[in-house]
Amino acid sequence: MESRVLTGGATAIRGGLPLLRKPAAVMKFTTAASCGSNRDFPAGAVTAKPVGPLIAGPNLIWGRQLRPAILLEASPKRESIKPCSAAASSSAGSSDSSGEAKVGFFNKATLTTGFFFFMWYFLNVIFNILNKKIYNYFPYPYFVSVIHLAVGVVYCLVSWTVGLPKRAPIDSTQLKLLTPVAFCHALGHVTSNVSFAAVAVSFTHTIKALEPFFNAAASQFILGQQIPLALWLSLAPVVLGVSMASLTELSFNWLGFTSAMISNISFTYRSIYSKKAMTDMDSTNVYAYISIIALIFCLPPAIFIEGPKLLQYGFNDAIAKVGLTKFVTDLFWVGMFYHLYNQVATNTLERVAPLTHAVGNVLKRVFVIGFSIVIFGNKISTQTGIGTCIAIAGVAIYSFIKAKMEEEKRQKKAA
């Protein structure tokens, strides 16, 4: 802790103890335990009490502004300064640490991050349900992928126009950095939709449950971050549980399987390089630029692969089944929910590590599967319930190990 003495006279700092040169008022060092109030200081911290007349201005600053209690001015006796700064610093440090621990899990940062995770899950569940309903009468994933991104781009342009948020300028260096991220985003998005359209939602989520392993491998071999064996092992029940929960609606299809695997790899690279791209720009503007660039990547395959079919009978069949109003409304809202859930996911990634983000993404799939079962009226099997419990337990084990490791690192750094 930095110690400084601000008085009318000169000050010398030796061995962590302030030496006062003939002060107008002699300062008595005591502990917070001996004071009448410890509102500003933790137990054991050094405080100061003036003995004799109080001079104008602050007498002593010890890390923060003091508000000492005024003793009787009639006491002319000079008090000696007790050499307890080292012990006080140690006690104050431990008290500060315990003060942080007292805040516990329910502090502002944790609650804010929890809110981001909740909104991410909520918006993603709505998107998946509405997206699957659209594919039941309009099975054109390339075109729907373009709609997802197009609605998001319009949303970003309107937000920039009104200044919420203010558009961040982009230079050639940032453009080069974001272009591969946008390509991975576009590839992962399109292949995910191809898989969703080709097979059951549960099967796609089963394959995509492997994403944490891809993230862990990429974090260690690309970013150079050492992933401990304990964290690797804690991911096993997460993936196993989600797989068990997804097997209820299993319907194997090579197109769906291959597309989901490509999506895993693409989103892994997107997450890692998006983390790097956030150093000079906020996450909201990062995702806005990624959406614009990704839309450019998605347009050619949609036009060449599905364009002729859509013009011949695709649009007409969809309108005949649900009507023009519902068709347009469904496309608009599925695009809006897609953009919002990805925006929140990007904001969440900014607050946590890529691997933590990946584990949260796996747990999100449990919620998606569970709500889809309720919405579409599927029966919940015993295997689904057991798998969900295993996945949640795996996430809890991972969180405990990660928190313990971070605490040990913090204590070593403090020591």
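Counting starts with 1 at the first residue shown.
Every residue, even glycine, has its Cβ placed from backbone N, Cα and C.
Remember, it's a predicted structure, so these values are computed and weren't measured experimentally.
The domain 'Sugar phosphate transporter' annotation in TrEMBL covers 113-399.
If you look up TrEMBL, you'll see 109-130 (among others) marked as transmembrane segment. Long-range contacts of the transmembrane segment (109-130) within the same chain: residues 201, 330, 333-334, 337-338, 340-341, 344-345, 347-348, 351-352, 360, 364, 367-368, 371-372, 375-376, each at least 6 residues beyond the stretch ends and with a Cβ under 8 Å from a Cβ of the stretch.
Annotation source TrEMBL lists transmembrane segment at 142-162 (among others).
Tertiary proximity for the transmembrane segment (254-273) is limited to same-chain residues at least six positions away from its ends with a CB under 8 Å from its CB atoms, namely 177, 180-181, 184-185, 187-189, 191-192, 194-195, 198-199, 203-204, 207-208, 210-211, 214-215, 218-219, 222-223, 349, 354, 357-358. The feature transmembrane segment is assigned by TrEMBL to 254-273 (among others).
Same-chain neighbours of the transmembrane segment (285-304): 142-143, 145-146, 149-150, 152-153, 156, 159-160, 165, 167-168, 170, 174-175, 178-179, 181-183, 185-187, 189-190, 274, 277-278, 339, 342-343, 346, counting only residues six or more beyond its ends whose CB sits under 8 Å from a CB of the stretch. The transmembrane segment annotation in TrEMBL covers 285-304 (among others).
Sequence-distant neighbours of the transmembrane segment (324-341) (same chain, 6+ residues past either end, Cβ-Cβ under 8 Å): 119-120, 123-124, 126-127, 130-131, 133-134, 138, 144, 147-152, 155-156, 291, 318. For 324-341 (among others), the entry in TrEMBL reads transmembrane segment.
The transmembrane segment annotation in TrEMBL covers 362-378 (among others). Sequence-remote contacts of a segment are chain residues at least 6 beyond its ends whose Cβ falls under 8 Å from one of its Cβ atoms, and for the transmembrane segment (362-378) they are 120-121, 124-125, 128-129, 132, 201-202, 205, 208-209, 211-212, 238-239, 241-242, 245-246, 248-249, 384, 388, 391-392, 395.
Annotated transmembrane segment per TrEMBL: 384-401 (among others), in sequence order.
For the transmembrane segment (384-401), the residues of the chain that approach it from at least six positions outside its boundaries are 228, 230-231, 234-248, 359-360, 362-363, 366, 369-370, 373, judged by C-beta separation under 8 angstroms.
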